[in-house]
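Here is the structure we will look at, set down as structure tokens.
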Amino acid sequence: MIELGINIDHVATLRQQRHTAYPDPLAAAVRAEDAGADLITLHLREDRRHIQDADVYAIRPRLRTRMNLECALTPEMLEIACAVKPSDVCLVPEKRAELTTEGGLDVLGQFDAVADAVALLTEAGIRVSLFIDPDAAQIEAAARAQAPVIELHTGAYAEAEGELAERELERIRAAVDVGLLHGLRVNAGHGLHYGNVQAVAAIDGISELNIGHAIVAQAVFDGWEKAIRDMKALMIQARAR
């Protein structure tokens with residue numbers, strides 16, 4: 001069964017826009033689990049633009065499912081991850097000027113640093129995922145770095161249309177095959193929404209999709225729980241075909 005990770009970053013974005021105490025990411029996480037989320041994903045960025053350190057520490061002990069903490073490959077973030085001990089840490093690239101994560105982690109270009117981080121987090125009892133582009137060389141490097149999980153960046157597919165979207169989808173399919181060949185758990189995410197999720201969810205071998213912005217946006221109209229249930233239903237329907 002394919003799993004749905006609910007990214008709560010943009011619940012925190014709404015809060016930070018006015019520097020209020022609401023909406024509370026912890027409440028969003030708990031209610032997401034009630035609605036069927038299989039895990040809760042949150043990105044503690046270096047610039048703290050949405051999720052704050054206090055959120056991470058407050059949410060971790062309250063979850064009944066899993067916490068998937070996204071963070072950059074920096075000493076500060078690795079120290080926080082080891083202190084919090086989430087079930088999973090997904091290492092992602094970060095640029096301060098970006099609106100959202102723009103590309104995958106360059107495992108090849110910083111192999112030693114990635115391998116060291118994987119070893120550190122694994123020693124702390126944390127499963128490590130690397131957020132990478134659907135590229136065979138990067139996947140092979142992730143396997144050599146001893147990461148047990150990869151998350152394929154689906155942004156190029158999400159932004160494409162027509163024939164280009166189909167080509168990007170084929171890249172994802174091929175990347176899944178490479179990941180499985182290397183014994184990796186393969187997840188995916190970025191830019192997925194109600195109109196494009198099923199093509200990705202239908203790919204055998206993908207274990208988990210992490211989705212946030214689209215669900216937060218739909219919740220404005222339908223409510224948080226319904227927005228989550230509807231997304232999960234689309235994923236399950238696609239996988240059952």
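Including glycine, each Cβ sits where the backbone N, Cα and C put it.
Annotation source Swiss-Prot lists 3-amino-2-oxopropyl phosphate binding site at N7, R18, G191, G212, H213, citing sequence analysis. Marked as 1-deoxy-D-xylulose 5-phosphate binding site by Swiss-Prot: D9, H10, R45, H50, T100. The annotation site 'Transition state stabilizer' is assigned in Swiss-Prot to E151 on the grounds of sequence analysis. Per Swiss-Prot, active site, proton donor is recorded for H190, and the stated evidence type is sequence analysis.
Structure coloured by features recorded in Swiss-Prot.
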residue : record                                      : DSSP class
N7      : 3-amino-2-oxopropyl phosphate binding site  : strand
R18     : 3-amino-2-oxopropyl phosphate binding site  : helix
R45     : 1-deoxy-D-xylulose 5-phosphate binding site : coil
H50     : 1-deoxy-D-xylulose 5-phosphate binding site : coil
H190    : active site, proton donor                   : coil
G212    : 3-amino-2-oxopropyl phosphate binding site  : coil
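Within 10 Å (C-alpha to C-alpha) of H10 (1-deoxy-D-xylulose 5-phosphate binding site) lie the following recorded positions from H190, G212, H213: G212, H213. Each of the recorded positions H10, R18, R45, H50, H190 was scored by other CB atoms within 10 A of its CB, and the lowest score goes to R18. If you take the C-beta of E151 (site 'Transition state stabilizer') and look for same-chain residues 6 or more apart in sequence within under 8 angstroms, you find C90, S129, L130, F131, I132, V186, N187, A188, G189, E208, N210.
Within the same chain, residues at least six positions away from G191 (3-amino-2-oxopropyl phosphate binding site) with a Cβ under 8 Å of its Cβ are T154, G155, Y157, A158, E159. If you draw a 10 Å sphere around the CB of H213 (3-amino-2-oxopropyl phosphate binding site), it holds 16 other CB atoms from the protein chains shown.
Considering only the recorded positions D9, R45, H50, H190, the residues lying within 10 A of G212 (3-amino-2-oxopropyl phosphate binding site) on a C-alpha to C-alpha basis are D9, H190.
The Cβ of N7 (3-amino-2-oxopropyl phosphate binding site) has 25 neighbouring Cβ atoms from other residues within 10 Å, across all protein chains displayed. According to its DSSP assignment, E151 (site 'Transition state stabilizer') is in a strand. Nearest by CA distance to R45 (1-deoxy-D-xylulose 5-phosphate binding site), out of the recorded positions N7, R18, H190, H213, is N7. Same-chain residues at least 6 positions away in sequence with a Cβ under 8 Å from that of D9 (1-deoxy-D-xylulose 5-phosphate binding site) are, in sequence order, T41, L42, H43, H50, I51, G212, H213. Around G212 (3-amino-2-oxopropyl phosphate binding site), a 10 Å sphere centred on its CB holds 22 further CB atoms from the protein chains shown.
N7 (3-amino-2-oxopropyl phosphate binding site) sits 10 Å from the residue listed as 'active site, proton donor', taking the Cα positions as reference.
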